[in-house]
Every structure is written in C-alpha cells, then in structure tokens.
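Per Swiss-Prot, the features are:
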REGION    1-226  region 'Pyrophosphorylase'
BINDING   8-11, K22, Q73, 78-79, 100-102, G137, E151, N166, N224, R330, K348, Y363, N374  UDP-N-acetyl-alpha-D-glucosamine binding site
BINDING   D102, N224  Mg(2+) binding site
REGION    227-247  region 'Linker'
REGION    248-452  region 'N-acetyltransferase'
ACT_SITE  H360  active site, proton acceptor
BINDING   A377, N383, Y384, S402, A420, R437  acetyl-CoA binding site
Amino acid sequence: MNFSAVILAAGKGTRMYSNKPKVLHTLAGKPMAKHVIDTCEGLGAQNIHLVYGHGGDQMKAELGEERVQWVLQAEQLGTGHAVNQAAPEFADDEKVLVLYGDVPLISAETVENLLDAQPTGGIALLTVVLDNPMGYGRIIRRNGPVIAIVEQKDATEEQKLIKEINTGVMVATGGDLKRWLAALKNENAQGEYYLTDIIAAAHDEGRAVEAVHPVSPIEVEGVNDRAQLARLERAYQAAQAQKLLEQGVMLRDPSRFDLRGTLQCGMDIEIDANVIIEGNVTLGDNVIIGAGCVLKDCEIDDNTVIRPYSVIEGATVGEECTVGPFTRLRPGAELCNDAHVGNFVEVKNVRLGEGSKANHLTYLGDAEIGKRVNVGAGVITCNYDGANKFKTIIGDDVFVGSDSQLIAPVTVANGATVGAGSTVTKDVNENELYISRAKERRIANWQRPTKK
C-alpha cells in the first residue's frame with residue numbers, strides 16, 4: 001500500500017514527571033513511539049516522518065536515526081503546526097497517515113481499514129464513542145456526514161453533549177493536506193493551529209469525510225501520565241496472554257504474565273505466575289516454566305523444566321534439562337541434553353556437556369565442560385585475573401569436589417577427580433586424583449583469646 005506516515009512526538013510529557021521524552025517511556029519493554037513505527041513499517045510505509053521537539057538527541061539514539069525522517073518542531077504551536085513541519089516532504093498524490101507517538105496500541109488492522117476508507121480527494125478520520133468524552137474534540141455531523149471537529153474548549157454546551165470524539169488519527173492525500181495546512185489559523189481558545197480544522201476546510205470544498213472506528217477502543221487511548229501508561233500495559237499484556245491461551249499455552253495466571261518481546265511455543269507448554277518474557281524466546285514441546293522466571297533472548301528445547309526464580313538470558317538449553325530454582329544463565333551459556341543446573345548456580349559463556357551437573361552454589365564462566373561431569377557445591381572457575389579472561393577445559397566423566405577453585409587457564413582431562421577444597425593451578429591428567437589442601441594441624445588444649 002502506497003502511503004507515508006507522520007508520527008507526532010514533540011510533546012514534553014510534563015505529567016510523566018520525567019527527564020525522558022514521553023514517547024520513549026516503554027510499554028511491553030519497548031518505547032511507545034517504536035510500537036507506532038513498527039506498525040507503520042509492517043504495513044510498508046514509504047516514508048515515516050517523526051516530528052520531535054523535546055529530547056531529540058535522546059530520541060534519535062533510542063529509536064535509530066535511519067529508521068525515520070526526523071522533523072523538528074522547535075515551537076509547539078498545535079497539531080496542525082506539527083504536521084505542517086513535515087508537509088514539504090509529502091508527495092502530492094500519496095496517502096498521508098497521521099499518527100501519534102503516545103498512542104502505542106494502534107493496530108495494523110485499524111490502520112489498514114482507515115487507509116482503505118479514504119474517499120477520493122477526501123479524508124478518512126478515526127473516531128470513537130465514549131461514555132465520558134470530556135477533554136476530547138467532538139465530531140460534528142450534519143444529516144450523517146462529518147462536517148467539522150470542535151475542540152472541548154471551543155465547544156458549545158450542546159456540542160459538549162456529543163459522545164463521538166476525534167482520535168486525531170486521519171488520512172488525507174498529500175497535495176490536499178499541504179493546501180489545508182497552509183490555510184490554518186490559530187483563532188481559538190488555545191491560540192494553536194488545530195489539525196482538526198482541516199475537516200471543515202475539506203467539507204467547505206465539497207470533499208467527503210469518512211469516519212472509521214478502531215477495531216478496539218483501547219487502541220486509540222493516549223498516554224499523558226504514568227497511570228495511563230500502566231493501564232495500557234495491562235491491556236496489552238492481557239491481550240497477549242489471551243492469544244497464547246488460544247494457541248494452547250497453559251498460563252497458570254494470565255493476569256501475572258508479561259510478554260515484552262516475541263514468544264514461539266511448541267505443544268503443551270506450562271508457564272506459572274509472574275514470568276517475564278523479553279526479546280526473542282523459543283520454547284520446545286512440554287517445557288515447564290516455574291514461577292517468577294525471567295527469560296530473555298533464549299531457546300529452551302523439549303521436555304525441559306525451568307524451576308522458579310531462574311533468570312536466563314542469551315542462552316540455549318537442550319532437551320530433558322533441569323534448571324533452577326534460583327539459577328542464572330548468562331549470555332553464551334549452552335546446556336546440552338540432560339544437563340542439570342541447580343540453585344544459586346551462575347553460568348556464563350560455558351558449554352555444559354550432555355548429562356553433566358552443577359547442582360549447588362557454583363560459578364562457571366568461560367569454560368568447556370564435557371559429558372557426565374559432576375561439579376560439586378561451591379566450585380568456581382576463576383576466569384578473570386583483573387585484566388583478561390581465560391578458559392577452563394573439563395573433559396568427560398570428571399568429578400570436581402565441593403569448594404574447589406579452578407584457576408584458568410587450566411585443563412582437567414577425562415576421568416580425573418578433583419578432591420574437595422582443592423585449588424587447581426596446573427593441568428590435571430586423565431584418570432588422575434588431584435588434591436591441593438593446606439597441611440592439617442591440631443593443637444590440644446587450645447585457649448581462645450580473651451578481651452583485655
């Protein structure tokens with residue numbers, strides 16, 4: 001579909017009480033403006049013009065300078081003035097869609113309906129009927145067709161009774177839009193150039209104005225404060241949870257589940273309460289995710305159990321594995337099939353071989369660990385000397401006793417045993433027992449020191 005979009009995002013967001021531009025506050029882990037940009041890109045917008053004012057450098061850094069055409073509105077003189085800043089870039093014959101960076105839930109389906117509804121030479125306008133329309137511009141109709149929009153502060157008492165309101169989202173042809181914008185005046189209670197005044201201008205020229213309703217009213221709710229943002233967050237999460245339930249995912253408590261990215265699921269998935277999904281996550285068949293887990297940019301294969309309060313980021317977990325509770329898998333962690341990682345174990349940039357176990361109180365970093373290895377409680381791979389990181393290599397069928405330290409770079413060969421409490425500074429040979437302990441001393445009749 002041949003269209004360009006203008007996203008208005010110049011507001012300061014005073015009621016957010018934040019140094020951050022309002023449209024950079026996140027919904028589902030993503031800036032509000034990015035939701036709108038993604039929707040436009042998904043529909044194939046030819047150009048996306050983002051009108052900004054406050055915090056431009058920060059917005060460009062977070063949203064990406066290359067994704068949109070940045071248009072500065074140095075003074076905030078109204079919505080019509082904002083769109084007019086981008087008007088020189090409009091092609092005369094293209095559809096121009098006006099959206100808002102603080103209205104993040106607008107759906108592709110609603111936008112498509114609006115674009116399709118634009119009459120030739122006219123305007124398609126997104127409206128909604130509210131029980132309490134206070135504060136919104138009212139839709140004025142004459143015998144059915146829309147003829148104007150009147151803002152709350154300019155409305156008569158009779159007009160204030162109208163419940164159909166303007167969402168601000170509209171489509172017009174570029175050439176017409178440029179002409180109407182150039183003719184706007186600021187003779188109103190706000191002293192601003194209202195975009196809504198182009199509706200009356202179109203009507204005066206005999207152009208049709210078509211009103212379209214969104215698929216869901218929540219799509220056109222804007223954000224002016226943190227309470228409204230929290231409301232939209234919950235609405236978004238409820239919708240995501242409902243989709244997953246319909247796809248066969250068992251969410252034990254849909255109201256306590258957050259999807260802040262994308263989730264691909266196999267069959268018979270169970271997800272307990274207070275689980276957060278971030279980035280791109282893939283779950284195989286028969287995966288169980290315990291309560292309070294955070295999964296980010298990871299892949300978990302079939303028949304694996306992630307026990308409660310585990311944090312997994314940038315990791316891959318094989319089939320038939322058990323992780324947690326209270327495990328942290330950091331980027332580069334790879335658990336092969338039937339691996340077990342237990343409570344208070346941290347794994348970073350490690351390949352843990354098939355059938356290997358680290359069940360308690362362990363740090364494994366920058367290591368290659370073979371098959372059927374048992375790593376005892378309190379074991380640490382000492383991978384960092386304060387300046388550089390080094391690798392630990394552990395072969396197959398190795399037993400590393402509790403409270404041992406492996407000082408990298410070091411290799412423990414196949415079948416070796418490291419006795420509990422050892423500090424390993426040199427390579428251990430195959431099938432060798434390595435013990436490194438201080439000499440035991442016993443002092444009979446020992447007298448403890450007393451305070452003086």
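Just so it is clear, glycine is given a Cβ too, placed from its N, Cα and C backbone atoms.
Cα-Cα distances to the residue listed as 'active site, proton acceptor' place none of the binding-site residues G11, G78, G101, N383, Y384 within 10 Å.
Around the Cβ of G11 (UDP-N-acetyl-alpha-D-glucosamine binding site), the same chain contributes K22, V23, G53, H54, Q76, D102, each under 8 angstroms and 6 or more positions distant in sequence. Looking only at the region 'N-acetyltransferase' (248-452), the predicted model's pLDDT averages out at 98. Taking a C-beta cut-off of under 8 angstroms and a sequence separation of 6 or more, E151 (UDP-N-acetyl-alpha-D-glucosamine binding site) has the following same-chain neighbours: G137, N188, A189, Q190, Y194, T196. The binding-site residues shown are L8, R330, N374; of these, the one with its CA atom nearest the CA of N383 (acetyl-CoA binding site) is R330.
Ranked by Cα separation from G78 (UDP-N-acetyl-alpha-D-glucosamine binding site), the binding-site residues N224, Y384, S402 are led by N224.
In this structure the C-alpha atoms belonging to A377 (acetyl-CoA binding site) and R330 (UDP-N-acetyl-alpha-D-glucosamine binding site) are separated by 19 Å. Mapped onto DSSP classes, the region 'Linker' (227-247) shows 20 helix, 0 strand, 1 coil. In this structure the C-alpha atoms belonging to S402 (acetyl-CoA binding site) and N374 (UDP-N-acetyl-alpha-D-glucosamine binding site) are separated by 10 Å. Listed binding-site residues near L8 (UDP-N-acetyl-alpha-D-glucosamine binding site): none (candidates N224, Y384, A420, R437; Cα-Cα distance within 10 Å). When every Cα pair among A377, N383, Y384, S402, A420, R437 is compared, the largest distance found for this acetyl-CoA site is 22 Å. Here the binding-site residues are G78, G101, and the one whose Cβ sees the fewest other Cβ atoms within 10 Å is G78. Cα distances from R437 (acetyl-CoA binding site) to the binding-site residues N224, R330, N374 are smallest for N374.
Among the binding-site residues listed here, namely G101, N224, R330, N374, R330 has its C-alpha nearest to that of Y384 (acetyl-CoA binding site).
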